[in-house]
Amino acid sequence: MKKSALLNSELSYLVATLGHTDEITICDAGLPIPDGVSRIDLALTHGVPSFIETVRVMLSESQIEGAIVATEFAEVSPELYQALVAELQCEEEKTGKVLSLTHVSHEEFKQRTESSKAVVRTGECTPYANVIFQAGVVF
């Protein structure tokens, strides 16, 4: 059995196959997932798993260089947005790498998911709780 935090086989495969600049989306239960994009559906019920739990596990297993969120996330759901920012800051401290945080409109965010390698759907039911991670390199 794996010892690391990430036990889901689909997510493990996704992380193992990420190349530099590939994008993955972690989303709430309501974000529309485009046809043709790989869907990894973790949602069990409202709030399970949570957005921030999923973010933490994904960050523990993968190196990112940037994140993209909808501007509306910070405006409508500031507490969860700040929790995401705190996780990104913690990741910067652990890795010594500066991570970019880009804000776009929700409509632009939804369009951007079309080029994600995969969309990971959580059980989160907080409005605009979505992030696109851009894969980095460990060196």
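The count begins at 1 with the first shown residue.
Even glycines carry a Cβ here, placed using N, Cα and C.
As written in Swiss-Prot, here are the features:
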ACT_SITE  His20  active site, proton donor
BINDING   Asp28, His106, Tyr128, Ala129, Asn130  substrate binding site
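Overlay of Swiss-Prot feature records on the structure.
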residue: His20; record: active site, proton donor; DSSP (3 states): coil
residue: Asp28; record: substrate binding site; DSSP (3 states): coil
residue: His106; record: substrate binding site; DSSP (3 states): helix
residue: Tyr128; record: substrate binding site; DSSP (3 states): coil
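Its Cβ taken as reference, Asn130 (substrate binding site) is surrounded by 27 other Cβ atoms within 10 Å in the chains shown. The distance from the Cα of His106 (substrate binding site) to the Cα of His20 (active site, proton donor) comes to 25 Å.
Residue environment of Tyr128 (substrate binding site) contains 22 other Cβ atoms, counted within 10 Å of its Cβ in all protein chains. The Cβ of Asp28 (substrate binding site) lies under 8 Å from the Cβ of Phe51, Arg121, Thr122, Glu124, Cys125, Thr126, Pro127, Tyr128, Ala129, Asn130, each of which sits 6+ residues away along the same chain. Once the Cα atoms of Asp28, His106, Tyr128, Ala129, Asn130, the listed binders of substrate, are compared pairwise, the greatest separation found is 13 Å. For the residue listed as 'active site, proton donor', the same-chain residues that are 6 or more apart in sequence and have a Cβ closer than 8 Å to its Cβ are Ala135, Gly136, Val137.
The Cβ of Ala129 (substrate binding site) has 28 neighbouring Cβ atoms from other residues within 10 Å, across all protein chains displayed.
The Cβ of His106 (substrate binding site) has 17 neighbouring Cβ atoms from other residues within 10 Å, across all protein chains displayed. For the recorded substrate site, residues Asp28, His106, Tyr128, Ala129, Asn130 set the reference point as the centre of their Cβ atoms, and the other residues of that chain within 8 Å of it by Cβ are Cys27, Gly30, Leu31, Val69, Ala70, Glu72, Phe73, Ser77, Phe109, Thr126, Pro127.
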